[in-house]
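Taken from Swiss-Prot as is:
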- 1-47: transit peptide (TRANSIT)
- 59-264: region 'Uridine kinase' (REGION)
- 274-483: region 'Uracil phosphoribosyltransferase' (REGION)
- LYS298, ARG307, CYS341, LYS342, LYS343, LEU344, ARG396: GTP binding site (BINDING)
- ARG351, ARG376, ASP402, THR407, GLY408, ASN409, SER410, GLU473: 5-phospho-alpha-D-ribose 1-diphosphate binding site (BINDING)
- GLY472, GLU473, PHE474: uracil binding site (BINDING)
Amino acid sequence: MPEDSTAIDYVMEKASGPHFSGLRLDGLLSSPSKSSVSSPSHFRLSNSSFSATDDPAAPHQPFVIGVTGGTASGKTTVCDMIIQQLHDHRIVLVNQDSFYRGLTSEELEHVQEYNFDHPDAFDTEQLLHCVDILKSGQPYQIPIYDFKTHQRKVDAFRQVNACDVIILEGILVFHDSRVRDLMNMKIFVDTDADVRLARRIRRDTVERGRDVDSVLEQYAKFVKPAFDDFVLPSKKYADVIIPRGGDNHVAVDLIVQHIHTKLGQHDLCKIYPNVFVIETTFQIRGMHTLIREKDISKHDFVFYSDRLIRLVVEHGLGHLPFTEKQVVTPTGSVYSGVDFCKKLCGVSVIRSGESMENALRACCKGIKIGKILIHRDGDNGMQLIYEKLPSDISERHVLLLDPVLGTGNSANQAIELLIQKGVPEAHIIFLNLISAPEGIHCVCKRFPKLKIVTSEIDQCLNEEFRVIPGLGEFGDRYFGTDE
């Protein structure tokens, strides 16, 4: 790069192929190249390819959806509708019925008395193993259950491969907490009991070789009690309840829109709904490229860091509560808008966090800003040295400022202090430029109600607890004390 040009325009001009600052980096964009610059094992930035992920070669965690409801409620129809609308993604449907246990000879003799709607009828351990294997990106051979012989087929199975979305469907997929914990979205299909019974009679007589009397007897003896004892109570775990099942096209459309949004997010955003990564554009990735370069001048480092910080602050402010407000425009017309949150303050973690104060002041005129100093004693030890916070901080929403989220230990101590001062956990928004996955896990598991807003999630921490690929000691580089 020429010495007299470190502007982001230079980065844009030198990268081959078309670029648009508003374009999302949801996939690989390929174009001819003459040379490339890469960072081994982390992410690739070259003229030939550009990826929105931290590591294009790394497997991504699939999005797991659980779909349950009463027997014949329309679960399969809902799953089919979701699959059809997500046709551009790799989807695997795992039916809980495939994991019925094969009946013993004694159970077969009294098959009419066997309760197929009880949790013990399923091999939950194998279902868990199946999902774990699929989430790791490996193929799995799903057993095929024969409802006429009540045994698994020995010489047949269904091979499923790595995928983007896993749909777990079955009447009791919400019953076991271990299975629930694997799900990113839980859907309960709610259909009238009479409709479900009519569907059950038709299905079991046509597809499973049963007669009507045996279906009705089984329904009254096992199915209805199992629904009341196991299925209906699991409704409380659902994130989404769909009335009328597959007939509710509006509900399914909204679910698919949400899934599309989640599939475009970082894996950690799927796990923690309180983690928000600002939308990635070539401008943002270009600025990250500049501030991460070790030989950039201090002036340019500060300039592009300030630009990124401003974007993070603006995004963080968007998560504050707003009230509706109407104003009269110069034309005499009424404009319906919103009013900003009044009770707000910033808290910077000294000293790197102080680099974010100017952007916050530029966005919020006259905002109060407190300070917290935490001393690092060794790798994990933390000691609070100094704090000066607004006296009425318990009545305010707090923007916690720290440009780098590494281990999460100092962040946890700062958040704990704010909570001790009376700040509700849900009123804290933690703003940073880059975050390590370890730090996000550490903070979100302990404080699930606060929000984290960042511009990029990096790959990992190294043995020295530095963020990789990272950008070095941010405070030293920003304030010019790294020499």
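Quick reminder: no glycine exception, Cβ is built from N, Cα and C everywhere.
Close to the recorded uracil site, the chain also has SER352, VAL404, GLY470, LEU471, GLY475, ASP476, ARG477, TYR478, ASP482: residues not among GLY472, GLU473, PHE474 whose Cβ is within 8 Å of the site's Cβ mean position.
Across the structure, LYS298 (GTP binding site) and GLY408 (5-phospho-alpha-D-ribose 1-diphosphate binding site) are spaced 27 Å apart at their Cα atoms.
Nearest to PHE474 (uracil binding site) in space, judged by Cα atoms and limited to the binding-site residues LYS343, LEU344, GLY408, is GLY408. Taking only the Cα positions, the spacing between LEU344 (GTP binding site) and ASP402 (5-phospho-alpha-D-ribose 1-diphosphate binding site) is 17 angstrom. Neighbour density for LYS343 (GTP binding site): within 10 A of its CB lie 14 other CB atoms from the protein chains shown. Cα separation, GLY408 (5-phospho-alpha-D-ribose 1-diphosphate binding site) to GLY472 (uracil binding site), rounded: 16 Å. Candidate binding-site residues: CYS341, ARG396, GLY472. Nearest to ASN409 (5-phospho-alpha-D-ribose 1-diphosphate binding site) by Cα distance: GLY472. Rounded to a whole value, the Cα-Cα separation of THR407 (5-phospho-alpha-D-ribose 1-diphosphate binding site) and CYS341 (GTP binding site) is 31 Å. Annotation for the binding-site residues GLY408, GLY472: lowest Cβ count within 10 Å of the residue's own Cβ, GLY472. Whole-number maximum of the Cα to Cα distances across the GTP-binding residues LYS298, ARG307, CYS341, LYS342, LYS343, LEU344, ARG396: 36 angstrom. The binding-site residues ARG307, CYS341, LYS342, LYS343, ARG396, GLY472 include none with a CA atom within 10 A of the CA of ASP402 (5-phospho-alpha-D-ribose 1-diphosphate binding site). SER410 (5-phospho-alpha-D-ribose 1-diphosphate binding site) is 28 Å away from LYS342 (GTP binding site) when you measure Cα to Cα.
Around GLU473 (5-phospho-alpha-D-ribose 1-diphosphate binding site), taking its Cβ as the centre, 13 other Cβ atoms fall within 10 Å, counting all chains.
Rounded to the nearest whole angstrom, the C-alpha distance between ARG396 (GTP binding site) and SER410 (5-phospho-alpha-D-ribose 1-diphosphate binding site) is 22.
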